[in-house]
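According to TrEMBL, the features are:
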BINDING   40  L-glutamate binding site
BINDING   105, 159, 178, 201, 243, 244  pyridoxal 5'-phosphate binding site
DOMAIN    2-354  domain 'Aminotransferase class V'
MOD_RES   202  N6-(pyridoxal phosphate)lysine
Ligand SMILES: *Cc1c(COP(=O)(O)O)cnc(C)c1O
């Protein structure tokens, strides 16, 4: 049995991969693979419409929000967001964009947005940590929000650092959230946000698809220099068909949405995700060899970074894990240590297998 703990591109439900394999050469009697179909043909149009409709149902997306399928990933959105929204309150030169910095992905978003407008960092989690590391979310009461910000940007799950919001801050400006690595893992109220975006390759499907959920009134404000293919209004007006969308990735994402519905929807997955995260964090907290350094109230349910207190065992840990079929546990190079990403498609049994292995490894090397 293989369990894949990659942070992304990441594990997909086996059932989905099996269905894709069985439909690879001939989708529903069409005689074609989905990869070979015109994006404007009836077959693919039905795949796209189903995927969009199922995502709308799963997240209960209100009717005044558009669901867009784009390319470029969340890193492209770091530029696309300010290109679409910096002018929301008037001229772009004087626009202020509020960002809260809670981890490596926030850092990237801030750096990119600063090319388009004045970025104001309303709070930076590094100021809470003596070593300047990201391991908590600054208390909302300490955030210095601007009076006239076009939007407030958050990364609601920091994939690299393992920090996740479990609250929605109060904000008079629309909240723009990078949800790449925890979208569909927990119930959210879409109406709390102006824009939700994310790359698909963490919790939805293959790399190449970016999902943007945007409130109607935030469309139509793009900078004149914004590329048409990244102007959300142009994309929305063309129902994500302004340019050729990533058709095969949309098809796989659509199969994942169907799979989530069969699991009982996002609420059922959330219940399982809470149980998976509790199993792993409780084990780590009670062990003498492993530790997690993130403040308890903002530990990510999806990405669990941890360290061996004896780091000379790191290489041995990874090779022994691999022998047991527990793959891709090495932490991000900027953080070090280990990281177990336990997305929707990771079954409880996979986390149990990891905990069993970690326990045995500890007994063997650190009794
Ligand atoms: C992976 C990730 C990104 C980057 O996604 P790309 O597809 O490489 O652009 C950005 N933000 C978060 C939170 C991520 O997890």
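Each residue, glycine too, has its Cβ placed from N, Cα and C.
Taken in sequence order, the binding-site residues 40, 243, 244 that lie near ligand 1, meaning a CB under 6 Å from one of its atoms, form an empty set.
Spacing of residue 105 (pyridoxal 5'-phosphate binding site) relative to residue 40 (L-glutamate binding site) is 35 Å (Cα to Cα, whole number). The binding-site residues recorded for this entry are 40, 159, 178, 244, and the Cα of 159 lies nearest to that of the residue listed as 'N6-(pyridoxal phosphate)lysine'. For the binding-site residues 159, 201, 243, 244, the ranking by surrounding Cβ atoms (within 10 Å, all protein chains) places 159 first.
Relative to residue 40 (L-glutamate binding site), the binding-site residues with Cα atoms inside 10 Å are 244, the candidates having been 178, 243, 244. If you compare every pair of Cα atoms in 105, 159, 178, 201, 243, 244, the residues listed for pyridoxal 5'-phosphate, the longest distance is 30 angstrom.
Spatially close to residue 178 (pyridoxal 5'-phosphate binding site) yet at least six residues away along the chain are 74, 77, 105, 109, 153, 154, 155, 156, 197, 198, judged by Cβ distances under 8 angstroms. Note on residue 105 (pyridoxal 5'-phosphate binding site): other Cβ atoms within 10 Å of its Cβ, all shown chains, come to 23. Remark: of the recorded positions 40, 202, the most isolated position is 40 (fewest other Cβ atoms within 10 Å of its Cβ). In this structure, residue 178 (pyridoxal 5'-phosphate binding site) is part of a beta strand by DSSP.
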